[in-house]
Amino acid sequence: MTQSNGENPQRSHSGLHQIRAGIQSRSLLAKKRVENIKKDEVKGFFMKNAFVILTITAVITGIILGFSLRPYKLSYREVKYFSFPGELLMRMLQMLVLPLLVSSLITGIASLDRRASGRMGMRAVIYYTTTTVIAVFIGIVMVLIIHPGKGSKDEFTKQQQIEQVSPADAFLDLIRNMFPPNLVEACTKQFKTHYAKRVIQVTVTVNDTIFLQNGSQQIAQEEMIPVPGSVNGINALGLVVFSLCFGLIIGNMGEQGQPLRDFFDCLNEAIMRLVAIIMWYAPVGILFLIAGKIVEMDDISAMGGQLGMYTITVISGLLIHAIIVLPTLYFVITRKNPFLFIAGLLQALVTALGTSSSSATLPITFKCLEENNKVDKRVTRFVLPVGATINMDGTALYEALAAIFIAQVNDYDLNFGQILTISITATAASIGAAGIPQAGLVTMIIVLTSVGLPTDDISLIIAVDWFLDRLRTTTNVLGDSIGAGIVEHLSRHELRVNDLELGNQTVDQTEKKPYHLISPENEYENEKPTPDDTKM
C-alpha cells in the first residue's frame, strides 16, 4: 500500500510532464506553420473567400451606418435616395428571376430524367421530393405556430378591408394559375378572382293585402359574384408547372430533344454567369439596404425582437428536420442506428458549415460515405450528384418560413391558397436555384413575387441570412448523405445481382478466350516435327 501511494505522485507528475511536453511541441509546430505561411497563401485565402468576407463586412458596416444615421431624423425622400444602391440590387435580381426560373428548372429536370431512368434513380427522386415537401411543411407549421413577425405595418390593411377572397375561390385561383392560358401574359400577371355587385330582381307574390289583391311585386336585391381578374406580378406557379412538364418531355425525347437541351443548358449557363457578376455588386447593395431599413424603422427594438424570434424559428425548424425527421426516415427504412451513420459524416457536415457550399463539400461527402460508412461507390457516385441538383431541404424550409414571416411583419393575412402557392414555389425555386451564389436571396424574390409580397423587406433578414445559410447548407448535405444510405439499402438486392452477373461474365470470358495457356512441355511438344518431316 505504501509503495502504491508513493508511486501515484510519481505517475501523476510524469503524466503532467507528458501533457506539458505535448502542449509545448504542438505550440512549436503551430508557430512553425505560422512562420511558414507565405504572402501568396494569405492572398489566396482572401481571394477564395472574398465574396463571403465582403458580404459579412457589408452587413456589419450597414448596421453601424444605419444606427449612426438614426439621430439625424432623415426624411422619407432622403431615406429613399440613400437606399437607392440597394434598390438597384433588388431590381437586378428581379430582372433575372424569370429566365433563371425557367432555364434552371428545364435544364435540371431534363438532365435528371436521363439519370433517374432506373429503379435507383426513381428511389432517389422519391426520397428527395418527400424530404423537401416535409421540410417545407415543417417551416410553414413552425412560422404559423411561433408567429415571429408580429404585424407592425398597416401597408396591406386597407386592401384586406375592401376585399376578402373566399377559401374556395382562392383554391380555384391556385389551380387556374398552374395552367396559364397565355405564357407571355404569365410573365407579368397572375389570375385573381375579384368580386362585383350584381342587382337581381326578385318577384314576391302578395295575396289579399290592402295594396294589391292576388298580385306580384318586384324587389331589387344585391349579391356579390366572382368575376375574373388579374394582378401584376410574375405567375411563378404557372411557369414552374410548364417548366417541369417541358423538361420531362425533352428529357424523354432522346436525340430529338438534344438541340433543345443544349439551348437551355447554354441559356442556364449564361444566366448563372450573369448572376455571378451581379453578386459581386451584392455587398454594396446589401450595405445600403440594411442601413436604409434601420434608418427607416420606427421601433428598432420591436424589429430586433422579430428578427431574433425569426432566427430562433429557422434554427428550430432546421434542427427538427435534421435531428428528428431525417434520422427517423433512415431508421424506419433501414432498421439501423442513424446517429452512428451521422457520426461518420461529421467531417462533411463541419466542412459544409464552414464553406456554406454543397459543391465544395461534395468530395469530402464522397470520402465520408465510402470510407467511414462503407456505402457502395455505385450508389454515392449516382445519388449525390442528383441530390446536389434537386435536394435542397434546408433552403426550401427557409424560403417558405421567411416568406410567411415577411407577410406577418406587414400584417398581411395569407389564405390557404397563398400558403400552398408559397410551399410549391419554394420547393421548385430551391431546386431551380441550386448551385448559384446567394441562392437564398434569389429564391426569396421568386417566392415573394408568387404571392405579391414586397421584396424590399428582404433587407430585414439579410443581416442574419449569412449565418442561416450555413445551417441550410449543412442540412442539405445531411439530407443528401442519408438519402445515399437509404437508396443503398433499398437497392441492395439489385447491387448483389449485378455483382453476381459481373462475376459470371468474368468466368465466361475466361472460358471463351481465343487463346489457351500452355506449359513449356506442351510448347515443346507442339514444336516436335511430324513423322513426315523426319522422313524428309
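The backbone N, Cα and C atoms fix where each Cβ goes, and this holds for glycine too.
Where the annotation comes from TrEMBL, it is an automatic prediction and has not been curated.
Here is what TrEMBL says about this protein:
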TRANSMEM  49-69  transmembrane segment
TRANSMEM  89-112  transmembrane segment
TRANSMEM  124-146  transmembrane segment
TRANSMEM  234-253  transmembrane segment
TRANSMEM  274-295  transmembrane segment
TRANSMEM  307-332  transmembrane segment
TRANSMEM  339-362  transmembrane segment
TRANSMEM  382-407  transmembrane segment
TRANSMEM  419-436  transmembrane segment
TRANSMEM  442-468  transmembrane segment
REGION    511-536  region 'Disordered'
COMPBIAS  525-536  compositional bias 'Basic and acidic residues'
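Sequence-remote contacts of a segment are chain residues at least 6 beyond its ends whose Cβ falls under 8 Å from one of its Cβ atoms, and for the transmembrane segment (307-332) they are 131, 134-135, 138-139, 142-143, 146, 148-149, 338-339, 341-342, 393-394, 397-398, 401-402, 405, 460-461, 463-464, 467-468, 471-472, 474-475, 478-479, 482, 485-486. Pairs of Cβ atoms less than 8 Å apart link the transmembrane segment (442-468) most often to 382-407, out of 49-69, 124-146, 234-253, 382-407. Just going by CB pairs under 8 A, the stretch in 49-69, 89-112, 124-146, 274-295, 382-407 that sits most against the transmembrane segment (234-253) is 89-112.
Contact count against the transmembrane segment (274-295) (Cβ pairs under 8 Å) is highest for 49-69, out of 49-69, 89-112, 124-146, 382-407. By the Cβ criterion (under 8 Å, sequence separation of 6 or more), the transmembrane segment (382-407) is not in contact with the transmembrane segment (49-69), since fewer than 3 such pairs are found.
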